[in-house]
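As annotated by TrEMBL, transmembrane segment applies to 23-45, 52-72, 179-198, 210-230, 250-271. If you look up TrEMBL, you'll see 304-342 marked as region 'Disordered'.
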Amino acid sequence: MAVFGHVFPFYADPKPTFPMDTALAVIITIFLTALVTFIIILPGIRGKTRLFWLLRVVTSLFIGAVILAVTFSSEWSVGQVSTNTTYKAFSPEWISADIGLQVGLGGVNITLTGTPVQQLNETINYNEKFTWRLGENYAEEYAKALERGLPDPVLYLAEKFTPRSPCGLYHRYRLAGHYASAMLWVAFLCWLLTNVMLSMPVLLYGGHMLLATGIFQLLALLFFSTVTSLTPPCPMHLGTAVLHTHHGPAFWITLTTGLLCVLLGLVMAVAHRMQPHRLKVFFNQSAEEDHMLEWSPEEGGLLSPRYRSMAESPEPQDIPLSEASSEACCKEEHPGETNCAL
């Protein structure tokens, strides 16, 4: 029941919202700081290797930032609708609002923005997050939302993802999030190994790890798409409209980055076989480093001459000199000396 000029005194005011997810903001800040640092030291690199070095740094930082960002992103499956709907419980008042649903690997984010924002003498601008990551209780968070008296559209969408909901969205998206998140963390580890190997004279293995980085990203997409499509879609009626979800920006940017990693890994493998010298020039590795390592077809790997067995390396041959020949050589070199015997 509305009193005091259509103001609802028993409900909490909407909490202030940050323009973007804090985890995403931290990740972007860290990688932008690293990029700026590398750009500052760029003038110290001479020649054409400066452009190659900058291209490698930007590409590597982009791949790493994408893997971490999509892991914490809430835009794997999104939906938005503009509708007229009820605002609060026990009130016949309706509002015009934009309602958004964002499903990530670790939870759901629901937004409610009035059009206009000021309606019923209130500021209608809500951004609520409900998580199901390990150690978090989604049902408990939903119960707290009921106690706070959040608007009806927010509670309605949050109720669809509760464990007891007949839609089954909770178990479906929670399982998909666990598998996809695990694959992305493995991809991030492969990305770290890629950077380590590309800084060493083992470019082929660096290309293999880059290929593995892309494969694990594609596996994350496969798990997410497969698990989320096991059950039929759940209708979400919000006033006069129905909310439908589809793959969000995090899904598509992961697909793009995964294909990019696979393509670059294959290009490096082909270049290592066809044009190894040009590949070394691109990674600023001189040909002198090749003398440190030698390819052994029998062993199928890189072997250092220091680690070869004594049977593989030629043994030094001692050629003894006869006394007569040594004495003759001595007389030729020192004709004045009488005793040239050793």
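Count begins at 1; order follows the chain as displayed.
Using the three backbone atoms N, Cα and C, a Cβ is placed for every residue, glycine included.
It should be emphasised that the depicted structure is a prediction, and the values quoted were computed from it without experimental measurement.
Proximity of the transmembrane segment (250-271) to the transmembrane segment (23-45) is not established, fewer than 3 Cβ-Cβ distances being under 8 Å for residue pairs spaced 6 or more apart. Sequence-distant neighbours of the transmembrane segment (210-230) (same chain, 6+ residues past either end, Cβ-Cβ under 8 Å): 63, 67, 76-77, 105, 172-173, 175-177, 179-181, 183-184, 186-187, 190-191, 194, 247, 251, 254-255, 257-266, 268-269. Panel annotation: around the transmembrane segment (179-198), residues 56, 60, 63-64, 67-68, 70-71, 76, 105-106, 205-206, 209-210, 212-214, 216-217, 219-221, 223-224, 227, 254, 283 of the same chain, lying at least six beyond its termini, place a Cβ under 8 Å from a Cβ of the stretch.
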